Amino acid sequence: MDTKAFKRSLQQSENYHRKGFGQTEAAMGVMNTEYQSSLIQQIRQNNYQWKQGNVTIHLAQAFGFCWGVERAVAMAYETRQHFPKESIWITNELIHHPSVNQRLEQMEIKFIEVINGQKDFSQIKSGDVVILPAFGASVSEMQLLNDRGCTIVDTTCPWVSKVWNSVEKHKKRHYTSIIHGKYRHEETVATSSFAGTYLVVLNLEQATYVCDYILKGGNKEEFLAKFKNAYSEGFDPDTDLEKVGIANQTTMLKSETEQIGKLFEGTMLKKYGPAVINDHFMSFNTICDATQERQDAMLELVKEKLDLMVVIGGFNSSNTTHLQEIPIYQGITSYHIDNATRIKPNNCIEHKPLGKDLEIKENWLPEGSIVVGITSGASTPDIIVEAVIEKIFSAKELEYQSN
């Protein structure tokens, strides 16, 4: 399928909307009332630091809602205002924070049900309004909705669209797209649907395995088993890794994406030589500015003398998970929570360690004066960050009173 032509045709349809409905200002006003925080604004104005009692808070200098998320949420609010009585659906979570998605449900924006791992589009009727989330949607989903006569509101982040353009360039030149991402993540599912031949690699370890195979060969069956569900139909590692282009899920760790790109470039140089490297390797910068800014801000924050970190964001948020990796790798105790209710009485916290399920940690706040680093993922509203900070202040105040 010519995905580029389909996308162009869809965007020219009168049922397709990507720029809102002229009610953005009103939608943003409602959003600001619900999600902004006066405390967080004060902390920003105070050089991202705040002291209360024996707690000093250091906020990362880039955190929380990115402009792509703000745009997606505003468009969802605007859609409900513009279509007050129509059935409105969304193909996935709009963004990866439960509070925002719960608010959309309160506005009677319905999420498409997933049955046995597959989305059930049977309830969607012609004339229904369907929102595509910030992560985008696959070509097959867009085609189904268009054929059904739905009104499509596309909130796909422009940075995600930029990656789609990159893999389409790979496809046009018959390059295999090496996508750094999580193959089940909504964004990577969408990106791979625009690619021709593709392989999704999760991390540097998997990328190294692929590059070793390119240089030395190996067991094809083992390769295909290792990357099951992470490659295009008919993918053959013996023939489809001669020309590769690099792409990424925009929320992956910037430094790892860059390492993977350099690894593949070096591998193709070794195998084919510098004279023809451009016939075997392509790379475009598709690292999202907002993701990069938040990771860079976290790298600066962990240079401070912190007693611990709190990273706030949805547990299924890829960009939040990668923020959590930074202090952990620096040896700083860090807790990933999604909202303030995870901070329990008696100095306990329910948090999600990297790669594990939720667990309870007792005595998580040290006694005496402490310095706490705080950041949040790109889908987390400031009001959630405020609630977490207030909970920390309250916990330390209770400690002071009991002593």
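Positions of Cβ are set from backbone N, Cα and C atoms, glycine also.
DSSP classifies E187 (active site, proton donor) as helix under the three-state reduction. Taken from Swiss-Prot, the feature active site, proton donor covers E187.
Taking Cβ-Cβ distances under 8 Å and a sequence gap of 6 or more within the same chain, the neighbours of C157 ([4Fe-4S] cluster binding site) are G68, V69, R71, A72, A134, F135, G136, T250, C288. Annotated [4Fe-4S] cluster binding site per Swiss-Prot: C66, C157, C288, in sequence order.
The (2E)-4-hydroxy-3-methylbut-2-enyl diphosphate binding site annotation in Swiss-Prot covers H96, H185, T250, S317, S318, N319, S379. Neighbours of T250 ((2E)-4-hydroxy-3-methylbut-2-enyl diphosphate binding site), defined as other CB atoms within 10 A of its CB across all chains, total 29.
Counting every protein chain shown, the Cβ of N319 ((2E)-4-hydroxy-3-methylbut-2-enyl diphosphate binding site) has 26 other Cβ atoms within 10 Å. Taken from Swiss-Prot, the feature isopentenyl diphosphate binding site covers H96, H185, S317, S318, N319, S379, and the record attributes it to sequence analysis.
What Swiss-Prot records for H96, H185, S317, S318, N319, S379 is dimethylallyl diphosphate binding site, and it gives sequence analysis as the kind of evidence. Counting only same-chain residues six or more apart in sequence, the Cβ atoms lying under 8 angstroms from the Cβ of S317 ((2E)-4-hydroxy-3-methylbut-2-enyl diphosphate binding site) belong to H96, H97, T251, G377, A378, S379, T380.
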Cβ distance under 8 Å to S318 ((2E)-4-hydroxy-3-methylbut-2-enyl diphosphate binding site), same chain, sequence separation 6 or more: which residues? H96, K182, H185, Q249, T251, M252
Which one, from the binding-site residues H96, H185, has the smallest tally of other C-beta atoms lying within 10 Å of its C-beta? H185
Considering each pair of residues in H96, H185, S317, S318, N319, S379, all listed as binding isopentenyl diphosphate, report the largest CA to CA distance in Å, no decimals. 15
Same-chain neighbours of the dimethylallyl diphosphate site, Cβ within 8 Å of the mean position of the Cβ atoms of H96, H185, S317, S318, N319, S379 and not counting those residues, run in sequence order as I95, T251, G313, G314, N316, T320, T321, G377, A378
With Cβ-Cβ distance below 8 Å and at least 6 positions apart along the chain, what are the contacts of E187 (active site, proton donor)? List them in sequence order. F135, G136, V160, G181, Q249, T250, T251
